[in-house]
Amino acid sequence: SGGHINPAVTFGLFLARKVSLVRAILYIVAQCLGAICGVGLVKAFQSAYFNRYGGGANTLAAGYSKGTGLAAEIIGTFVLVYTVFSATDPKRNARDSHVPVLAPLPIGFAVFMVHLATIPITGTGINPARSLGTAVIYNKDKAWDDQWIFWVGPLIGAAIAAAYHQYVLRASAAKLGSYRSNA
């Protein structure tokens with residue numbers, strides 16, 4: 001599957017025409033079911049920690065507005081999806097041909113940096129499946145409050161990253177002739 005574990009990344013790849021609609025839908029359904037099952041296993045084996053930490057559910061931290069939370073999710077997911085596009089673009093210059101092997105490094109670093117920035121605001125929900133899985137299994141208190149932020153924000157961020165990569169960066173690179181001739 002190419003390691004698809006995040007519906008926002010899959011959505012971005014769909015918008016960039018790198019994944020078909022049917023495949024994107026199947027991936028997203030599988031990602032959500034996998035997240036629900038995964039959180040269920042965590043609850044089954046670590047129920048004390050699970051309950052103590054609110055099931056790991058994403059929530060908007062006190063003192064932050066819904067707009068701030070939404071913006072954090074949009075920007076965080078943009079950074080992630082843009083990094084995925086940049087690190088895995090097969091049309092990069094030949095001198096960068098080793099990049100696909102190293103793609104997990106910048107992607108992992110991007111996830112790390114986004115977590116540092118957004119954990120205090122939303123708990124970092126840049127993966128809608130993970131946010132859904134924790135809300136479904138925990139299903140208490142604030143787990144469903146503002147759940148829309150953890151879907152709308154990442155999908156908007158992914159769409160902006162896909163558009164930026166496809167229509168700004170690739171268009172300017174094509175004009176400059178920085179892609180290989182078989183592009």
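Heads up, the Cβ atoms here are built off N, Cα and C, so glycines get one too.
Sequence annotations record features per position, and here TrEMBL assigns transmembrane segment to 24-49 (among others).
Annotated transmembrane segment per TrEMBL: 69-87 (among others), in sequence order.
TrEMBL lists 99-121 (among others) with the feature transmembrane segment.
Residues or ranges marked as transmembrane segment in TrEMBL: 148-169 (among others). Proximity of distant same-chain residues to the transmembrane segment (148-169), defined by a Cβ-Cβ separation under 8 Å and at least 6 residues beyond the stretch ends, is recorded for 6-9, 11-13, 15-16, 58, 60, 66, 69-82, 85-86, 89, 122, 125-128, 131-132.
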Other parts of the chain folded back onto the transmembrane segment (69-87), taken as Cβ under 8 Å at six or more residues beyond its ends: 6, 8-9, 12-13, 16, 60, 99-100, 102-103, 106-107, 109-111, 113-114, 117-118, 121-122, 124-126, 146, 149-150, 152-158, 160-162, 164-165
For the transmembrane segment (24-49), distant same-chain residues with Cβ under 8 A (at least six beyond the ends): 1, 4-7, 10-11, 13-14, 55-56, 127-130, 132-134, 136-138
